[in-house]
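Remarks on the structure that follows.
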């Protein structure tokens, strides 16, 4: 089974402000899985509707 995500390298441990960093294998770039109540590419915004 091939995963689309890997753990982010150490160089990206602080990439996500309020979330977990995952590395997109096919796009070769980091992405964030935001904690509840946060949105944005790097989970940098509070979700005022949450």
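Cβ coordinates are placed from backbone N, Cα and C, and glycine is handled just like the others.
Now, the feature entries from Swiss-Prot:
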type	residues	note
DISULFID	8-21	disulfide bond
DISULFID	16-32	disulfide bond
DISULFID	34-43	disulfide bond
DOMAIN	4-44	domain 'EGF-like'
Exercise for the section: Consider the disulfide-bonded residues 32, 34, 43 and say which one has the Cα lying nearest the Cα of residue 21 (disulfide bond). Expected result: 32
Exercise for the section: Would you mind checking how many other C-beta atoms are within 10 angstroms of the C-beta on residue 21 (disulfide bond)? Expected result: 19
Practice task
Give, as a single whole number between 0 and 100, the mean pLDDT over the domain 'EGF-like' (4-44).
Solution key: 94
Fill in the blank from the handout: The number of other Cβ atoms within 10 Å of the Cβ of residue 43 (disulfide bond), counted over all protein chains shown, is 21
Exercise for the section: Other Cβ atoms within 10 Å is the metric here; tell me which of the disulfide-bonded residues 32, 34 scores highest. Expected result: 32
Completion exercise
Counting every protein chain shown, other Cβ atoms within 10 Å of the Cβ of residue 8 (disulfide bond) number 20
Practice task
Could you give me the DSSP helix, strand and coil counts for the domain 'EGF-like' (4-44)?
Solution key: 3 helix, 17 strand, 21 coil
Fill in the blank from the handout: residue 43 (disulfide bond) and residue 8 (disulfide bond), compared by Cα position, are separated in whole Å by 15
Fill in the blank from the handout: Cβ density check for residue 16 (disulfide bond), other Cβ within 10 Å (all protein chains) comes to 23
Fill in the blank from the handout: Cα-Cα, residue 32 (disulfide bond) versus residue 8 (disulfide bond), nearest Å, comes out at 10
